[in-house]
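Copied over from Swiss-Prot, here are the features:
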type	residues	note
COMPBIAS	747-767	compositional bias 'Polar residues'
COMPBIAS	840-850	compositional bias 'Basic and acidic residues'
COMPBIAS	856-876	compositional bias 'Polar residues'
COMPBIAS	878-890	compositional bias 'Basic and acidic residues'
COMPBIAS	1006-1017	compositional bias 'Basic and acidic residues'
COMPBIAS	1097-1106	compositional bias 'Polar residues'
CARBOHYD	264	N-linked glycosylation site
REGION	742-774	region 'Disordered'
REGION	819-893	region 'Disordered'
REGION	999-1019	region 'Disordered'
REGION	1033-1059	region 'Disordered'
REGION	1097-1116	region 'Disordered'
TOPO_DOM	170-192	topological domain 'Extracellular'
TOPO_DOM	247-319	topological domain 'Extracellular'
TOPO_DOM	383-393	topological domain 'Extracellular'
TOPO_DOM	531-570	topological domain 'Extracellular'
TOPO_DOM	641-680	topological domain 'Extracellular'
TRANSMEM	149-169	transmembrane segment
TRANSMEM	193-213	transmembrane segment
TRANSMEM	226-246	transmembrane segment
TRANSMEM	320-340	transmembrane segment
TRANSMEM	362-382	transmembrane segment
TRANSMEM	394-414	transmembrane segment
TRANSMEM	510-530	transmembrane segment
TRANSMEM	571-591	transmembrane segment
TRANSMEM	620-640	transmembrane segment
TRANSMEM	681-701	transmembrane segment
């Protein structure tokens, strides 16, 4: 028979796949030696075959690890695949080969470049080693330190390239101006230890501090504007820090959103998939092992914290007490720092010379408070019983508040001193102007013979009283002048030297940073190193175990150390404007801190008892750093805006405000129109709407962020639900594989018992859903779920109904239409509502019990007792097929009707027959209709007298109606032959069938005229009762049964399997599989009913008005809703 294009393509694919499989076996699994020649494999003149072989070899090389072969077979296969690709790929195109080679070369180069770049990442291997032994929480501290190191490198480059180097290269040299010259009274003590320690002497008059830089607007030949650069760089330090922090936080937020909030299969991933098989170094293997163990400990702790039960009343009370203690500690530290700063100011006013402790007591007290208070907070946090990660965050917040309180108390005290210095400077300026207006005295003397004489002069000393300033002349002979200068008139004008408050603030910030570094080194050596030595070497000689009890080995305190970095960076931001070299000093400090801390951790510290996983993004650290940056920027901005710059030092001397340098530069160095534009932009008319617009934009973006966060949570929940549904489906599949065998056994036992006790009296028409491919599911989803009741219009059966249901394929629910026969005397009857699963899962050999042996016995009350059985299908019905059962022992009553279109078995028109119900699948006229569930049938009578069904030419196989089941098992061969003759002779009188109800037949098909046959061409078969009491024309209903599971796919009762082409399969829907049996009176036997199944997008049936809009056809259509169908003459 002629096959279709799809069949040809399928066979071609199967043939190519088998050839490819044979080629794989011969190439990959063949045991050949090294003398393998690539010319013997894949050598062909066909370009398509060459391309297929090359493509296969590439796929093999890409998926060689997934092959279930030994390593030797994999290596041989990989070697041969490379040889074939290198040899034959050039036959197709050399450009593709060059591209592939270039891509491979670039991939190798990129990998080498990445490995080379890793070498330049500072302290990468050191951090990995720490992470493997101490966990990600401790490693996060060092990663954070490295990131701060990078920020300070950039800040150092900015200040050094634009401020420090131009001043050193093009500025005035040291000693040329008063701001760059050490006073004479300080020269002798400029190199003393206490002077250097207090950052005085030569350090004070150097590029380290603000006062050294000159006030010239342009320096050098290029006319570099140093004052403007100094101001812009100071603002750029804050701007760059803000931008970097926000970008890093946004990147970490995206990373944390991309990853799942809670990990699935945590322990499985860590146990089975955590090892890195590329490790070749024993030390790296040891570190990786420690890292895996530590991650498992972290996961175990996470699970334990989820299941921990707490007494909330006691916990709340302890937390309240802990917070009260923390507040008292914070208030006490702030008061102590402010008291020390105020005391130092009073000492400076009362004493001329201060001791070393009095000069540095402020920095020492601040460092002691910042070092001891976090330990007290750590002890207090033990009362709260939080999760370790939550405890860390509370500890970080408290220490942050402590550090901010210390810094602000220090800066407030410093600004108070700046106010007093400005008052003194204003008073000094007034006195200097008074001396400038006074007359100039001159003294003339004869030169003595000794060659020298004392020069008259005046020394002035300022003394502050309550309301006036008094100048007292103490002496007039202050120095000895050589006689060569004796006869000159020397004018004298001298006032008190002004002080530079910007340099003083920079000195205090740098001094605080230096002392903090020293205290950090001392705490590491004392608390960690010497403590570890004491515990290790004296534990054997002590009264108790020093390793498990006090003092034991030190633990790395993450919160304290992280906040120490934040505090240190805050000092840098606060003092960078007054000390341009402070970021460079911080770079050196961070380098030393990295090496010292890492050494102490690996040598002296032990892992924390409660190891916990650090946050994925570390945004909490960055948020604290951002908060610190904002609060440290405020004092600097306040000083720039509020205080007047010093008169005798700095690049802004002579200005009313520091920011006036910008307006002065715009006025003098830019065109007039630019100055006008800047003036309009800086006016309140523009600034206020811009600020409002920014607030609106921030609110809009925040709303979008909230909505995106909510949507991401919903999507994550959907993913989790999908995973749970997949798990349920897998469980159902496992149960479905286990159920059929048990169901078959139970069904066979039930059927055997029923056959022994009683004969079945129930004719059932079962409707089973069919689960098809995904494309078919999309089409089936459009088929509505219809439910109707057919009321029998015969006089004794009004009100009785047959229910049949057509459900969508997504619901595994079936409706069984049953008709119960009356019980014979002395026989039991089966339950008419018996479950469908028992019958559908029975073996094909046991189908004799499913169909009645005597369908026509005692049929006078056949129409009674109808019921509907609703059964839920619990397993997928992928192998369900509806086929007509074979019928035996009946002959055609007339020769086949010969026609061009239809040839069926039929009877004379005058004989009464039962009404037929055609279940028609209604489709639109513009859609292409498919064939019905079964193709149009053609019958003939073979030589043996059996009915043979002929399929059309496009059907690949025939199905012969061979004897399957005897109508009456009590008949012998002679009686069967007699039955055949009686059926042919038309020996049944019509009057004997008056009380016999006819069986209603349900047919499936499309509305199209060429697919639905006329009722008069339908097959008619005569039956005779078992006891020969009557004979009649009856239509046995078509049964839908489950396809048996067999390896060869053949039914045991059929000689040939009915194979229909795949293009007929899409027409198999729920509505097409309906077949049922019903009864009617002989008065209504000449009318056939059509049940239309409408295909629509909705879930509910169409109304009668919608059905009436369809085009009327040549047959009779029920115009009402399916729930009101009446089986009567319409």
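Cβ atoms are placed via backbone N, Cα and C, with glycine included.
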Requested in this report: Determine whether the transmembrane segment (149-169) and the transmembrane segment (510-530) share at least three Cβ pairs under 8 Å, counting only pairs 6 or more apart in sequence.
Outcome: no
Query raised in the report: Is it the case that the transmembrane segment (193-213) and the transmembrane segment (320-340) have 3 or more CB pairs under 8 Å, with pairs at least 6 apart in sequence?
Result: no
Query raised in the report: For the transmembrane segment (394-414) against the transmembrane segment (620-640), do we get 3 or more Cβ-Cβ pairs below 8 Å once near-sequence pairs (under 6 apart) are dropped?
Result: yes
Requested in this report: For the topological domain 'Extracellular' (170-192), could you work out the same-chain residues 6 or more beyond its ends whose Cβ comes under 8 Å from its Cβ atoms?
Outcome: 200-202, 205, 211-214, 216, 219-222, 224, 226, 497, 500, 648-650
Report task. Report, as numbers and ranges, every residue of the chain located at least six residues beyond the transmembrane segment (571-591) whose Cβ falls under 8 Å of a Cβ in that stretch; write 'none' if there are none. Result -> 145, 148-149, 152-153, 155-156, 159-160, 163-164, 207-210, 230, 233-234, 237-238, 241, 407, 411, 502-503, 505-510, 512-514, 516-517, 628-629, 632-633, 635-636, 640
Query raised in the report: Considering pairs 6 or more residues apart, do the transmembrane segment (510-530) and the transmembrane segment (620-640) have at least three CB pairs under 8 Å?
Result: no
Query raised in the report: List, by number or range, the same-chain residues at least 6 past the transmembrane segment (620-640) whose CB is under 8 A from its CB atoms?
Result: 140, 144, 234, 238, 241-242, 245-246, 248-249, 252, 393, 396-397, 400, 403-404, 407-408, 411, 415, 418, 505, 562-563, 566-567, 569-571, 573-574, 577, 657-659
Report summary line: If one takes Cβ-Cβ under 8 Å and requires six or more residues beyond its ends, the residues near the topological domain 'Extracellular' (641-680) are 178-179, 210-215, 225-228, 230-231, 418, 422, 425, 429, 497-503, 686
Query raised in the report: Going along the chain, which residues at least six beyond the ends of the topological domain 'Extracellular' (531-570) come within the CB cut-off of under 8 Å?
Result: 134, 137-138, 140-141, 144-145, 148, 151-152, 370, 374-375, 378, 392, 395-396, 399-400, 403-404, 406-407, 513, 516, 520, 586, 589, 597, 601, 603-609, 621, 624-625, 628-629, 631-632
Requested in this report: Would you mind splitting the topological domain 'Extracellular' (531-570) into helix, strand and coil residue counts from DSSP?
Outcome: 21 helix, 2 strand, 17 coil
